[in-house]
Amino acid sequence: MQHKDSSDVKGPPKQRLTVCLISAAFFGSVGSSFLYGYNLSVVNAPASYIKTFYNKTWIDRYNEPIGDGTVTLLWSVTVSIFAIGGLVGALTVSFLIKVLGRKGTLLANNGLALIAALLLALGETAGSFEMLIIGRFIIGMDSGVSLSVLPMYLGEISPRQVRGSIGQFHSIFICLGVFIGQVLGLPEILGQVSLRWNFLFGFLALPALLQLCVLPFLPESPRFLLMERRDEAGAEKAFQAFLGRSDVSRELEEVHAESRAQNTQRTASVLELFRKRSLRWQLITVIVVMSCYQLCGLNAIWYYTNGILQNAGFQPAVIPYITLSTGGIETLAAVISGLVIEKVGRRPLLIFGFSAMAVFFSLLTVFLHYQDRFSWMPYLSFTSILLLIASFCSGPGGVPFVLTGELFEQSYRPAAFMIAGTVNWLSNFAVGLLFPFIQEALQTFAFLLFVVVCVAGAVYLLLVLPETKNKTFMEISQSFSKINGIPDQTQEREMKDALDTAATNGLQCAEVEMESSF
């Protein structure tokens, strides 16, 4: 057989975005990422009214006002139980997607969102603060599931030329959810008692219902259908819908080759992933990146924003409108990141984001230390906060979820997302629990701890992480072979042999020399 010279082989075609692909990313994110972001900010505006409701309910039950310590405890539980629910949700992901699939899990997850919306919206009417606490736990579970399953789904349905951009829908809708939560929480809209603050929580049902109405008509992940359900006909239709062309034989054969290279058709367990030597540094990388995602200090910024604005001389009634700029900056930076990620790459965005955050945290520490001495210093502090938020959303805010889907092959991906989700939620809980004590002990110098985290994350990524832009999952796996101490290239040979066989058999006729989009 005569082989073509490698220089004659055509590169991958420029992949256009299809309506099906954009719809899956949009509606998948609306009912998942958006709800997570919305729940991060929605509890801030009605906080005083919820505490008043707790006091009223306590008086109705026990004929005495609630103690300050008790109301503080109830409010702390209401806020923090969201992260506990997220951890529980993340731990169920591997089981759910094995039974229901990627799309099926997203659809079933909307049931949690609807139950939570009812509990949170009707808690005041029922005179039950327990309903609010349970509702926050359930919506936390919803977020724990969606933060793992949606990035997995988006990564598997996206051609590699646009996989990063489609994956950034997740980050964009988290930021958009935060922003909409801030907007709806304004006093003129739903953020005051006269307009029924519980409508803020009832709004949770709308994105969930929207996803339930549209997502059933969009395809399941073709990689899941082919590799785990052995449904070649369904996988072919899914590939055709997402790619917008009828001939997808090359994509099908590439997934078959990956399946043969893995030498397993079942989903690997978390323990098996930890034991897999060839995935050791991929796993370490995901743990480091997801830890830095939460421990880099962005959540702690919200503790300071209102205080800085008050010190700058702004009236308390005006501050909610000024803080809208933080949500706007978040969303804008996430959109820009999604537009440039396929040109710049994942690695530079992450390294730049963490490095810039280290710089602005350092500046913020200086500005906060001297803000009582100069009247104009709080304005510099607030500017630093805006730049910190933009730096976070430019890379660290979304790329970690894209990376988790890219660094692992099909059978190990669910376990990887379970580990990533567990690290994410444990780190989230740790920051919420420990930062108030750290801040009390170190005052403005508390932010220097986040400088250390950001610098450590940037250095690690600079030394360890290869670029994954426009690579197949098999190529990404091979990028870690050297650092994992696995010089054997059997998987790569398996893929090439399989694709050569496909070409020999005339699987793609005129386009046999063209690379797969996946």
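From the backbone N, Cα and C atoms, a Cβ is placed for every residue, glycine too.
Taken from TrEMBL, the feature domain 'Major facilitator superfamily (MFS) profile' covers 25-469.
For 20-38 (among others), the entry in TrEMBL reads transmembrane segment.
Long-range Cβ contacts of the transmembrane segment (73-97) within its own chain (Cβ-Cβ under 8 Å, at least 6 residues beyond either end) map to 39, 43, 47, 50-51, 54, 66, 105, 108, 112, 129, 132-133, 136-149, 152, 224, 267, 269-270, 414-415, 417-418, 421-422, 424-426, 428-429, 432-433. TrEMBL lists 73-97 (among others) with the feature transmembrane segment.
If you look up TrEMBL, you'll see 104-122 (among others) marked as transmembrane segment. With a threshold of 8 Å between CB atoms, the same-chain residues lying at least 6 positions outside the transmembrane segment (104-122) that come near it are 28, 31-32, 35, 89, 93, 96-97, 131-132, 134-136, 138-139, 141-142, 145-146, 149-150, 153, 198-199, 201-205, 207-209, 211-212, 215-216, 220.
According to TrEMBL, the transmembrane segment annotation covers 134-154 (among others). If you look at the transmembrane segment (134-154), the same-chain residues 6 or more away from its ends with a CB under 8 A from one of its CBs are 24-25, 28-29, 31-33, 35-36, 39, 43, 78-79, 81-93, 96-97, 102-103, 105-106, 109-110, 112-113, 115-120, 123, 166-167, 169-170, 201, 204, 221, 401-402, 404-405, 413-414, 417-418, 420-421, 424-425.
Residues or ranges marked as transmembrane segment by TrEMBL: 166-185 (among others). With a cut-off of 8 Å between Cβ atoms, the residues of this chain six or more beyond the transmembrane segment (166-185) that come close are 21, 25-26, 28-30, 32-42, 44-46, 150-151, 154-155, 157-158, 191, 200, 203, 320, 323-324, 326-328, 330-331, 333-335, 337-338, 341, 393, 397-399, 401-402, 405.
According to TrEMBL, the transmembrane segment annotation covers 197-218 (among others).
What TrEMBL records for 283-305 (among others) is transmembrane segment.
Summarising the annotation, TrEMBL assigns transmembrane segment to 317-341 (among others).
Feature annotation from TrEMBL assigns transmembrane segment to 348-370 (among others).
The transmembrane segment annotation in TrEMBL covers 376-403 (among others).
Taken from TrEMBL, the feature transmembrane segment applies to 415-438 (among others). Counting same-chain residues at least six beyond the ends of the transmembrane segment (415-438), those with a Cβ under 8 angstroms from any Cβ of the stretch are 79-80, 83-84, 86-87, 89-91, 93-94, 144, 147-149, 151-152, 267-270, 272-273, 282-283, 286-287, 290-291, 293-295, 297, 299-300, 303, 400-401, 404-405, 407-408, 446, 449.
As annotated by TrEMBL, transmembrane segment applies to 444-465 (among others).
Beyond the ends of the transmembrane segment (376-403), by six or more residues, the same chain brings 147, 151, 155, 163-164, 167-168, 170-172, 174-175, 285-286, 289-290, 292-293, 296, 298, 301, 304-305, 308-309, 311-313, 325-326, 329-334, 336-338, 341, 346, 348-354, 356-357, 360-361, 363-364, 367-368, 370, 420, 457, 465, 468 to within a C-beta distance below 8 angstroms of the stretch. When each of the listed stretches 20-38, 283-305, 317-341, 348-370 is scored by C-beta pairs under 8 angstroms to the transmembrane segment (197-218), 20-38 comes out highest. Sequence-distant contacts of the transmembrane segment (283-305) (same chain, six or more residues past either end, CB-CB distance under 8 Å): 44, 273-274, 276, 323, 326, 350, 354, 357, 361, 368, 381-382, 385, 388-389, 392, 396-397, 399-400, 403-404, 407, 416, 419-420, 423-424, 427-428, 430-432, 435-436, 439, 446-447, 449-450, 453-454, 456-457, 460-461, 464-465.
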